[in-house]
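So that you can see what the record holds, here are the features copied from Swiss-Prot:
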| type | residues | note |
| --- | --- | --- |
| BINDING | D21, D23, D25, C27, E32 | Ca(2+) 1 binding site |
| BINDING | D57, D59, N61, T63, E68 | Ca(2+) 2 binding site |
| BINDING | D94, D96, D98, E105 | Ca(2+) 3 binding site |
| BINDING | D130, D132, D134, Q136, E141 | Ca(2+) 4 binding site |
| DOMAIN | 8-43 | domain 'EF-hand 1' |
| DOMAIN | 44-79 | domain 'EF-hand 2' |
| DOMAIN | 81-116 | domain 'EF-hand 3' |
| DOMAIN | 117-149 | domain 'EF-hand 4' |
Amino acid sequence: MADQLTDEQIAEFKEAFSLFDKDGDGCITTKELGTVMRSLGQNPTEAELQDMINEVDADGNGTIDFPEFLNLMARKMKDTDSEEELKEAFRVFDKDQDGFISAAELRHVMTNLGEKLTDEEVDEMIREADVDGDGQINYEEFVKVMMAK
């Protein structure tokens with residue numbers, strides 16, 4: 001499954017993996033998964049976190065290592081119910097629910113994920129996605145960016 005990913009995708013997933021792997025030991029625990037999900041405004045139960053880990057924990061050791069994470073991401077990318085997932089992701093970024101992701105909202109979520117970005121980097125991310133040039137990202141623009149990944 002993961003062999004269908006490009007080098008660029010693998011590099012991006014490695015970066016995402018390290019956001020989850022807070023202590024840098026090469027494994028994501030339920031505790032680390034919970035921390036990241038809560039920073040994104042989700043509130044999973046311990047049982048839900050365990051289910052998520054069990055779903056991809058090929059060797060059964062109770063944690064997710066990078067190859068297992070890659071398989072999960074490859075599966076998620078093939079998922080056809082991505083429309084609902086995209087809407088959910090957009091809602092996570094769109095803090096005030098006004099239908100737009102502002103630079104401030106983008107910075108807030110990225111900071112919660114542990115990504116310290118400069119104002120220039122945040123503005124650049126907005127510019128890359130902002131097709132109509134209004135300085136913020138609407139849902140259609142968000143979908144375009146996410147589908148291009």
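FYI, residue positions are counted from 1 along the chain as it appears here.
For all residues, glycine too, the Cβ spot is worked out from N, Cα and C.
Owing to the predicted nature of the structure, the values given are computational and were not obtained by experimental measurement.
Annotated features, which come from Swiss-Prot, shown on the structure.
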| residue | record | Cβ contacts under 8 Å, 6 or more apart |
| --- | --- | --- |
| D23 | Ca(2+) 1 binding site | E32 |
| D59 | Ca(2+) 2 binding site | D65, E68 |
| N61 | Ca(2+) 2 binding site | C27 |
| T63 | Ca(2+) 2 binding site | C27, I28, T29, I53, D57 |
| D94 | Ca(2+) 3 binding site | F100, I101, E105 |
| D130 | Ca(2+) 4 binding site | Q136, I137, E141 |
| D132 | Ca(2+) 4 binding site | N138, E141 |
| D134 | Ca(2+) 4 binding site | none |
Ask   = Per-residue pLDDT averaged over the domain 'EF-hand 4' (117-149) comes to what?
value = 89
Inquiry  = How about long-range neighbours of the domain 'EF-hand 3' (81-116): same chain, 6 or more residues beyond its ends, C-beta under 8 Å?
reply    = 19, 22, 36, 39-42, 122-123, 125-126, 135-139, 142-143, 146
Request  = Excluding D94, D96, D98, E105, please set out which residues of the same chain place their CB within 8 Å of the center of the CB atoms of the Ca(2+) 3 site, keeping sequence order.
outcome  = F93, K95, Q97, G99, F100, I101, S102
Message = Please identify, from the binding-site residues D21, D57, E68, D98, E141, the residue with the sparsest Cβ neighbourhood, meaning fewest other Cβ atoms within 10 angstroms.
response = D98
Request  = Take the C-alpha atoms of D21 (Ca(2+) 1 binding site) and D96 (Ca(2+) 3 binding site) and report the distance between them in angstrom, rounded.
outcome  = 29
Key: CB-centroid shell, 8 A cutoff, Ca(2+) 2 site D57, D59, N61, T63, E68, site residues removed   = C27, I53, V56, A58, G60, G62, I64, D65
Query = Per DSSP, D94 (Ca(2+) 3 binding site) is which: helix, strand or coil?
reply = coil
Inquiry  = Please report the distance from the Cα of D96 (Ca(2+) 3 binding site) to the Cα of D25 (Ca(2+) 1 binding site), rounded to the nearest angstrom.
reply    = 36
Note = In three-state DSSP terms, C27 (Ca(2+) 1 binding site) is classed as strand
